[in-house]
Amino acid sequence: MSLQMVTVSNNIALIQPGFSLMNFDGQVFFFGQKGWPKRSCPTGVFHLDVKHNHVKLKPTIFSKDSCYLPPLRYPATCTFKGSLESEKHQYIIHGGKTPNNEVSDKIYVMSIVCKNNKKVTFRCTEKDLVGDVPEARYGHSINVVYSRGKSMGVLFGGRSYMPSTHRTTEKWNSVADCLPCVFLVDFEFGCATSYILPELQDGLSFHVSIAKNDTIYILGGHSLANNIRPANLYRIRVDLPLGSPAVNCTVLPGGISVSSAILTQTNNDEFVIVGGYQLENQKRMICNIISLEDNKIEIREMETPDWTPDIKHSKIWFGSNMGNGTVFLGIPGDNKQVVSEGFYFYMLKCAEDDTNEEQTTFTNSQTSTEDPGDSTPFEDSEEFCFSAEANSFDGDDEFDTYNEDDEEDESETGYWITCCPTCDVDINTWVPFYSTELNKPAMIYCSHGDGHWVHAQCMDLAERTLIHLSAGSNKYYCNEHVEIARALHTPQRVLPLKKPPMKSLRKKGSGKILTPAKKSFLRRLFD
């Protein structure tokens, strides 16, 4: 195993815990950016170009018949082939959190339609499900099993907001483990069926799942109800005859206690588990090898990588599987330095790499026609993410040109900012105050100076006043700047004075010219 530090030369502020990586024919693509996509890359999907230990995020485009794909954190992803012999594969994306902390229940299918030297074109389609549709969730897993020449998606675990009937003002943003049901999803016809298995008693999230042929292994995970990381190991086998599918579960010994671990495949029947947590505030520094042979699973410890001091002393870490036995890891930067990075990134190679190190992309070294092992890399968001978002997600690189000058900086206009010295709005404890609020606080724009956003609740605004200000075009000043605004009296409008026209210095004559004959006639007339 080799650990190498890499530098992200652009768009480093977009990488955050909960992102996902997709590997298409050796090319790695980044998905799940921080904030909503901007005009530089409206798709939110980037090509992760690695060259000489430098990483560049290159924008990709969608085809005209594609649907919109929001940036999702902690979704369930897996590869999908029509059959085991098929060479082309697609990625299935289900659930996840949007930048507004809304949990998605949609399922998307990603495939590549065109590749050239400059940009990659994806086709993204939304799949509608009928039947026992899984509720919106995140931190779960989805895998594909193959049996009797047919394929089926298997979805399990995750967390979601409490049902609307159980949500109270004090616990409006509280989450709970989803019921321990196993969902079978037919991607061809869009049918979903749920199964209740007696062996699965408690809900799990941020677990590791491995799929091979008709079998899925689930190990580790975190139970929110009991606040434990059980060392369970489940084997779920799916049989797909002509009639109804048969699903059975077996509890196996030899599991490990870990959550938010990353799984990567090193060869046909061997996988490596990296990272994760064994306690709420303790990282799991050891790695394990998982071998799948003859319908058996074997878990054993392996040589620990030479972790750097920064990784050892970091409270959190996160990452995703790049494919080909390589893991992309990130840790928070050092906030004590004057100029600090938001995150530091590393590449951990768990498999022997015989390819040239100067190669720009990773080549797929898998020779098996079976579906590669699927895992969903996660980070315990309730335990680590929200604390990291407050001080670590605003890191920016000096070469980062992603944020255009004419667009607002989301780190300054977010809903969870400290709007004033007395602001007490916290993402973990906030509850709706106005009837118009649902899952984020109402805000109003202060027109003082360059302007800034404040929480309406912190300004003690009545709901009627808030609605009136939101509907009108009147300027609003927050409690801190209202006295300054009152002191700046605008002078009353004065009508301009009518200036009399300037008189000519010489008095003009009548304009009549008397000839000498007329003068003589007038002289004789009056005489």
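Note: Cβ is positioned from N, Cα and C throughout, glycine not excepted.
Note that this is a predicted model, so its numbers are computed, not measured.
Listed in Swiss-Prot for this protein:
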type     : residues                       : note
REGION   : 357-380                        : region 'Disordered'
COMPBIAS : 358-370                        : compositional bias 'Polar residues'
COMPBIAS : 371-380                        : compositional bias 'Acidic residues'
ZN_FING  : 416-484                        : zinc finger
BINDING  : CYS419, CYS423, HIS455, CYS458 : Zn(2+) 1 binding site
BINDING  : CYS446, HIS452, CYS478, HIS481 : Zn(2+) 2 binding site
*For the recorded Zn(2+) 1 site, whose residues are CYS419, CYS423, HIS455, CYS458, find every other residue on that chain with a C-beta no more than 8 angstroms from the centre of their C-beta atoms, and list them by sequence position.*
ILE417, THR418, CYS420, THR422, ASP424, VAL425, PRO441, VAL454, GLN457, MET459
*When you average the Cβ positions of CYS446, HIS452, CYS478, HIS481 for the Zn(2+) 2 site, which other residues in that chain have a Cβ within 8 Å of that mean position?*
SER447, HIS448, GLY449, GLY451, VAL454, TYR476, TYR477, GLU480
*Measure from the CA atom of CYS423 (Zn(2+) 1 binding site) to the CA atom of HIS452 (Zn(2+) 2 binding site) and give the result in Å, rounded to a whole number.*
14
*What is the pLDDT of the zinc finger (416-484) when averaged and given as a whole number?*
81
_Going by Cα-Cα distance, which of the binding-site residues (CYS423, HIS455, CYS458) sits nearest to CYS446 (Zn(2+) 2 binding site)?_
HIS455
_Between CYS419 (Zn(2+) 1 binding site) and CYS478 (Zn(2+) 2 binding site), how many Å separate their Cα atoms?_
10
*When DSSP states are grouped into helix, strand and coil, how many residues of the zinc finger (416-484) land in each?*
12 helix, 8 strand, 49 coil
_Whole-number answer please: how many Å between the C-alpha atoms of CYS423 (Zn(2+) 1 binding site) and CYS478 (Zn(2+) 2 binding site)?_
12
